[in-house]
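First, the structure itself, so that you have it in front of you.
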Amino acid sequence: MADPSEHVGLGGPRSPARPEPPPTRFHQVHGANIRMDPSGTRATRVESFAHGVCFSREPLAPGQVFLVEIEEKELGWCGHLRLGLTALDPASLAAVPEFSLPDLVSLGHSWVFAITRHHNRVPREGQPEAEAAVPSGPQALLVEPYLRIEQFRIPRDRLVGRSRPGLYSHLLDQLYEQNVLPPTARRSRLGVLFCPREDGTADMHIIINGEDMGPSARGLPAAQPLYAVVDVFASTKSVRLVQLEYGLPSLQTLCRLVIHKRVVHRLAIDVLHLPKGLKDFCKYE
């Protein structure tokens, strides 16, 4: 494996050997209750709580994040979004399974993680489970614009889901340092990627609002095409894809990071002598 101090991959400088990946899209093969928008970037379950399995249109590149944002929730169901990878070509399936867990996984060559409101973090080897459950601290976004997972470096800014600023929202969070949504909340952002290892296998990682949950599956066949799996299950009704840029952070993004360090709460941005467009960008509107 690459030296941890030498983070490479899609988050590193672009080169002919590692070009920017194409925009992510959902596959035209999906569960019976899924309605896909014309662009292939939004998937909505139109009835029931099942038959909501979706796939990426193309296999993922190593270190490429398939990132979704929860757009709609539906009350009355128990359970949440499920996320993972499969080495099965969606086009080769005789029928899309009703559930990703256990149906798709039981077909083999598929690894799926059920997202819960708590306890999504996977303990590292030798790490107590209680210690793994403690979040690493969302303020890292303000000092480190990249998320580092094994040998890959991924721009963190678009990985983080945030609630829309409200009239009293500044009383409920300490600006963006603590304004990280619960994993299953509306506007929360969740992603999946794989990281190859020297032995020819790969680790699957789940990202929730800019934080790596650790290797939720090991021993994946890195040499085989791996498609993302998104199960729009139960209380999760609709998701949309979020596109990432893997180069250097834009000047606009760096400006936002600096501004966030110097204001007390979100409403304070309104009194700054800045163009309205930049204010809206800083407030994630």
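Backbone N, Cα and C define each Cβ position, glycine as well.
Got these off Swiss-Prot a minute ago, pasting:
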- 1-28: region 'Disordered' (REGION)
- 23-244: domain 'NHR' (DOMAIN)
- 250-285: domain 'SOCS box' (DOMAIN)
Averaged over the domain 'SOCS box' (250-285), what pLDDT does the prediction give?
81
Take the domain 'SOCS box' (250-285) and count its residues per DSSP category (helix H/G/I, strand E/B, coil), listing them in that order.
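Grouping H, G, I as helix and E, B as strand yields 24 helix, 0 strand, 12 coil.
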